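What follows is one structure encoded as structure tokens, with my remarks underneath.
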Amino acid sequence: MARFPRSPAPRLLYTLFSSSRTTPTKSSPQSPSAALLQGNFHLQSRQFSAGGNLARAKDDKEPWWKESMERLRNIGISAHIDSGKTTLTERILFYTGRIHEIHEVRGRDGVGAKMDSMDLEREKGITIQSAATSCAWKDYQINIIDTPGHVDFTVEVERALRVLDGAILVLCSVGGVQSQSITVDRQMRRYEVPRLAFINKLDRMGADPWKVLDQARSKLRHHCAAVQVPMGLEDQFQGLVDLVQLTAYYFHGSNGEKIVTGEVPADMETFVAEKRRELIELVSEVDDKLGDMFLSDEPISSGDLEEAIRRATVARKFIPVFMGSAFKNKGVQPLLDGVLSYLPCPTEVSNYALDQKNNEEKVILSGNPDGPLVALAFKLEEGRFGQLTYLRIYEGVIRKGDFIINVNTGKKIKVPRLVRMHSNEMEDIQEAHAGQIVAVFGVDCASGDTFTDGSVKYTMTSMHVPEPVMSLAVQPVSKDSGGQFSKALNRFQKEDPTFRVGLDAESGQTIISGMGELHLDIYVERIRREYKVDATVGKPRVNFREAVTKRAEFDYLHKKQSGGQGQYGRVIGYIEPLPLGSPAKFEFENLLVGQAIPSNFIPAIEKGFKEAANSGSLIGHPVEYLRVVLTDGASHAVDSSELAFKMAAIYAFRQCYAAAKPVILEPVMLVELKVPTEFQGSVAGDINKRKGMIVGNDQEGDDSVITAHVPLNNMFGYSTALRSMTQGKGEFTMEYKEHAPVSQDVQLQLVKTHNAGRGAE
């Protein structure tokens, strides 16, 4: 389930680690195990398609892909807005040799961080689009995706998490666990992502990592412990002590690239011993092997502890906590080591697919390159060379020039170009195997489509795309820019599944819908900047619907004679409601007996009713949950035509609509509030005032968690109201639940407003 504003706008970034592939080398034939003994860790750069490799792999115990898969990480970085995610990525790229100088997010040099490639991102200092890159660290290949965390961009986050094997949760040592940290953590739980925590900004005034650690345990329910302790804080922050290896790290050089190791400072020995014991105790609670050693008082070596932390982290029972300051270049390299040591490789994570041939039965994917190709398109981008599709390969190998099949549409597509991304730059590759994240050009598909080689019909569980909850009317200021305007809207719709575009039949205005005000504002701004089109924006509005509540008969004759061929069509039947929540929102049934109406006119009648149902007579919104039954009619040998019957259907619907006692349906939201207990009464009173229905009230520590169903129309400006009621301590998440009938007084008010608006026009 997706979340609407989980709380104040945040922003996230994701780092994906994945193996890189280069063109094959012409090395002399040797088995993978022999290559390993010689320290050749770049097996993945071999051409796996060679038959000889496969034949030799059967003689060896190890499969040919095992070593390259173990040297592969797909991970993300996420956090509350301004916790330093993009800054951390910039340092990771610098230390792994991917970039040769560091630029800050709001840098005075005017360059901006590598991952924020749009002008708008650099100007505002926030990340809006995902950007992907790859790098290598200690013989492991890494892909990095930097993703936004402003709450209105959560679909970017959802997409990135869908394809990750692990993640880093960045927490600010001053701000601690903030509202969006909770949102992100909830998303990671949903997709079962093992994670590390990184407490950033230890150089800032008021930094307190132990307070943050306690908050992670209480607010996020994390079973976690520090694997490092800082030497000094704020402006005294010098380096870190590793609790697993019992080594002190100092970061020298202009960019902290020189790491000097030393003994644990004498004045910290007692504190370090106490924190190490706490770490061992917490890990032994969730790892049986370490627990047995701990209980029998056996000495626990660094190797034993590291293996136990890895087992517990991969099993999602424990979260190791790292520390540092990305801006001051301290603690980033040990964090990278932690990613390699504790986060899983693709074969250690189980991914499911749904077998379409077998009634969507769950199938566990082996995750190895020997199997049939299964890849998921998790992000689309409109680039200079056409549509760019980001793929996560779950099984098999994809090669340039291969034919692949889009399971969702059944289309067969050739892969014209395969690239690895580095922010907005790209490098061509010949092939990629399971576990990697790559991009392909010229493949027409939607976000969430699955590709296979045709031997299986699997779809990955479709990513959760939330329903849009807010609409705005937009129109270009000048009539000449209509072409560019529609081009921009088409592109944004393909890229972002939560952004929808429609047309208001009455006013002729273009309506855009999305996840919130910031979401829609950013798109209006992008239309202005990228397509040079100024647009005027109307007031936000709620997406109402109409529905009938009882059966009503219709009998309408459409007859027109004005010289030449006339129009003649008669339709008889009834309309009735479908049950609310039924999968089909419109049904047409033909119960005609005989040839009263020739069968070639029936589709025109259905089309007429569908068109009429697009705009109900109460407030002009679409009519849903409607069943139209045609029982009889009449036609004329000469004057009957498709147009005549279509018009007859439209007028017949309008004739009987009022008799069917129509009601207005409004979107009802499932709202979850988390407020300190002392404000519970005033918040509950305010929900009742907004015609909300409280369905649950739980206690969680010092907070009350209230669940309520509230009409969206009464939720405008709620975040401001909640902040003022709770002194800024309350937070809420909101997601679409259903469309439900409004009360009689609200219906009369809405109809009156609608009629007044029409009268004014």
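Numbering starts at 1 and runs along the chain as it is shown here.
Cβ atoms are placed via backbone N, Cα and C, with glycine included.
TrEMBL annotations:
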DOMAIN    70-347  domain 'Tr-type G'
BINDING   79-86, 146-150, 200-203  GTP binding site
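Across the domain 'Tr-type G' (70-347), the model assigns an average pLDDT of 79. On its own chain, L202 (GTP binding site) has S173, P209, P230, L233, E234, F237, M323, G324, S325, K330, G331 as residues at least 6 apart in sequence with a Cβ closer than 8 Å to its own Cβ.
Cβ-based crowding with a 10 Å cutoff singles out K85 as the top-ranked of the binding-site residues A79, K85.
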